[in-house]
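Scroll down for the structure; my scribbles are underneath it.
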Amino acid sequence: MTEPGASPDDPWVKVEYAYSDNSLDPDDEDSDYHHESYKESYKDRRRRAHTQAEQKRRDAIKRGYDDLQTIVPTCQQQDFSIGSQKLSKAIVLQKTIDYIQFLHKEKKKQEEEVSMLRKDVTALKIMKVNYEQIVKAHQDNPHEGEDQVSDQVKFNVFQGIMDSLFQSFNASISVASFQELSACVFSWIEEHCKPQTLREIVVGVLHQLKNQLY
């Protein structure tokens, strides 16, 4: 401690003042150093975490493109326009989109085929029932078919069926153009030529003919 009456110009007083100055405290310098070191370490950790996250994202995207090239058949085919070069991401995505659209079309086509097959199965079931009824009727009345039917009667049955079909055909068909005619014909066949519809027409004609004969 400075003695009373000591001159400020005394060298020992200057030294004492220097050591007593808080700005030169070694502990404060260590504290500032550790604080700066902590901040730099925190920034490094954040930068490292960000780099790792970005690398994981890139790896995940790469695996996704690799999986697409393995799954999509067109990505495995040789493209002579690019030679042996690796497919770009844009080409992989475009081939994937094209393949998905192809699968949608195939799915729709198969659904239409299944629908047509179901209609055919329904028609065959109806025909089966009709034939079973004919067989049963013949077994119940074995002598019923012994009487011969004249050609005129057969022609009348055929004419009655054709007249009934022509009425619906004439009412449904448009002849404004060949394209419209074609579309109407197919629509008419699907609507009026179903096995159940034809069966009803034939039964009606036979009943009508039977009433005329008897």
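Each Cβ is built from the backbone N, Cα and C atoms, and glycine gets one as well.
What TrEMBL records for 100-127 is coiled coil. Each residue in the coiled coil (100-127) has a pLDDT score, and their mean in this model is 90.
Sequence annotations record features per position, and here TrEMBL assigns compositional bias 'Basic and acidic residues' to 32-43.
Feature annotation from TrEMBL assigns domain 'BHLH' to 45-103.
Residues or ranges marked as region 'Disordered' by TrEMBL: 1-58.
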What DSSP reports for the domain 'BHLH' (45-103) is 46 helix, 0 strand, 13 coil
